[in-house]
Amino acid sequence: MFAGIEGRNPHELYYLKMQREREQVEKMENNGKRKLKVCVATCNRADYSKLAPIMFGMKANPEIFELEVVVLGSHLIDDYGNTFRMIEQDEFDIGSKLHTIVRGEDEAAMVESVGLALVKLPDVLQRLNPDVLIVHGDRFDALALATAAALMNIRILHLEGGEVSGTIDDSIRHAISKLAHYHACCTRSAERHLIAMCEDHSRILLAGCPSYDKLLDAHHRDDYADIIKAWLGDGVKEQDYIVALQHPVTTDIKNSIKIYELMLDALISFNKRTLVLFPNIDAGSKEMVRVMRKKGIEQHPNFRAVKHVPFEQFIQLVAHAGCMIGNSSCGVREAGAFGTPVINLGTRQTGRETGENVLHVRDADTQNKIYHALDLQFGKRYPCSKIYGDGNAVPRILKFLQSINLDEPLQKTFCFPTVKDCISQDIDHILETQSALAVDLGGTNLRVAIISMKGKIVKKYTKSNPKTYEERIDLILQMCKKALDDAVGLNCRVLGVGVSTGGRVNPQEGVVLHSTKLIQEWSSVDIRTPISNALHLPVWVDNDGNCAALAERKFGHGKGVENFATIITGTGIGGGIVQHNELIHGSTFCAAELGHIMVSLDGPECTCGSRGCIEAYASGIALQREAKRLNDEDLLFTEGMALKKEDPVSAIDLINAARLGNSKADAVLRTAGAALGVGITNILHMVNPSMVILSGVLASFYESPVRQIISQRALTSAKDIQVLTSDLEEPALLGAASMVLDYATRRTY
């Protein structure tokens, strides 16, 4: 078909590229380790496009991987193009071909196909005995593969789990994820979904889509015009044709067939050359093919109806199309990499992340509506989107495979959030107030409070913070036990303990990694374990800045706001950033250390050891330092001040002096406000929140100067950001409580 196209087969070129990338993959140490035996099972043309790049990568590293290939499903059906031949053309040895499809293309046939696959797979898997089975996606064939492998104690790596769409595929995809031992997902949202499904975070790889490795390289091929001509005929120009690919929706077959018929009618009326691909083998596909033939699509001069297009050629056709229409995942995934306009019909892809190139017609109930969408999208070009990958998925996945420890127990474990054991309900339980114990560890005081679901502080306890670790832990436990005893009489049911503390915290482990200088003997400290063991309650820990942001998100100005930053102004400067409704912790848990944003290269020394940090200018400690300096130089006292010599000088004295007209004190405060304002402006330019909330004892004083600096120095698009002073009296305690109340009631944190 492509006699006019010279040069090497694109598969060969890709194979050579993977050989060159071998140096980028970490080699196994030559210590007697055997090769990792990996079985790749492919069921259809779509999943092979995702699996092939990984297969080429393993083939290019024969000293590390032993590849076995199993082919089943619609690959082996003539009506769907006998697509197993393209695997053979790619020079992969197919170890087993399993005819597993029961024809009928209805719901019963899908169930019978799963059953037939489960009958045939055990012999093959027992013979191959792989270390790892790689399964892709959400097809019923893949569910059979995962079920068989799980029952035969074979480790499973699932590709593209955690995604969301609008059909039975969702249920199948999530079922495979629960059977799988390891996950390679495409997007950050998918990764979060897997974690929410209680999958072990350490076994989840955010890799990107493997097909992107191939399509981003193949996008700029010079022979695309020959490919367009081969599939669509002479005289068809780039961006002057349509690619149509519509599959049945198994949970709503009747409506999906109606949409397919309306789509074909709209395409006929639109009068552009169109490449129509046959639907997949799901229930309802036979009826869709009947509709296509009833309308004479295969004989229509404007249409080319095909069962299969090789992936690397299909990429070119999509990349250079004037528009793609249908409900294929290719429209919301691969097409975005080229900026190709897409019309997504119906609900099959509901929930998937899409670029701006996708126009949704979810209620595609009239031909006119679809025609209008074609009129809007055809011939447009959008910015390229890489939501699903950056072209480096395969090296990541190969490295991930090498990291699998075959000596680890095979039994899969799930990471359930800790919740209190269920208790029998009686009238007292029903009338109880769901509450949290909140602990706030400050530089001076240690506070514990009982806080209700609505943020009411039912009772609060305050003691001086001890100087040693042992005394501090003992006092925390004493105060918490006292609060628990009192909670019974106050009719409060305590769901757990939330701890707010200064320093850098690993909230996943409940460990203080590095403390502030104000709290001694408080670095590399596990807070969660002793409290949880003593009180028999779940415990959550985070630093005070993050807790202030959590308090605002649940009880304050940040409630219902998707993106905001909280800056806490007190003895030090801290804060937290909420982005897309989630608190940002960072890779080493030091995100939002806002007090240590540098605003000067040669400014005053900060407690962190650096110079010119916001905290060195605007914190309570910094203001107290300047107040003492002025007092030592006899420049602080101003008429109207009641300052006794024996009283320690504080930041409040500096503020009072400025209010009474002391120009030196006023200059210090202007500099502090400017430093904080510049730091916040930097935050606006980095994460672009819609709101900044100032919290802490100095918040009301800094609100006006911060707004002034933003108006002077921020970019135009960031100048109108809201700057508010927090209304919360106890942000650290309320934030600590919110961790408990959100987690224990199964909300997200």
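Every residue, even glycine, has its Cβ placed from backbone N, Cα and C.
Over the domain 'UDP-N-acetylglucosamine 2-epimerase' (63-401), the average per-residue pLDDT in this prediction is 91. What TrEMBL records for 63-401 is domain 'UDP-N-acetylglucosamine 2-epimerase'.
Residues or ranges marked as active site by TrEMBL: ASP544. Residue environment of ASP544 (active site) contains 29 other Cβ atoms, counted within 10 Å of its Cβ in all protein chains.
Its Cβ taken as reference, HIS596 (Zn(2+) binding site) is surrounded by 20 other Cβ atoms within 10 Å in the chains shown. For HIS596, CYS606, CYS608, CYS613, the entry in TrEMBL reads Zn(2+) binding site.
Of all the binding-site residues listed (CYS606, CYS608, CYS613), CYS613 sits in the most crowded Cβ setting, with the most other Cβ atoms within 10 Å. Cα to Cα, CYS613 (Zn(2+) binding site) and ASP544 (active site) are separated by 19 Å.
When the alpha carbons of CYS606 (Zn(2+) binding site) and ASP544 (active site) are compared, the span between them is 19 angstrom. For the pair formed by ASP544 (active site) and HIS596 (Zn(2+) binding site), distance between Cα atoms is given as 15 Å, rounded to the nearest Å.
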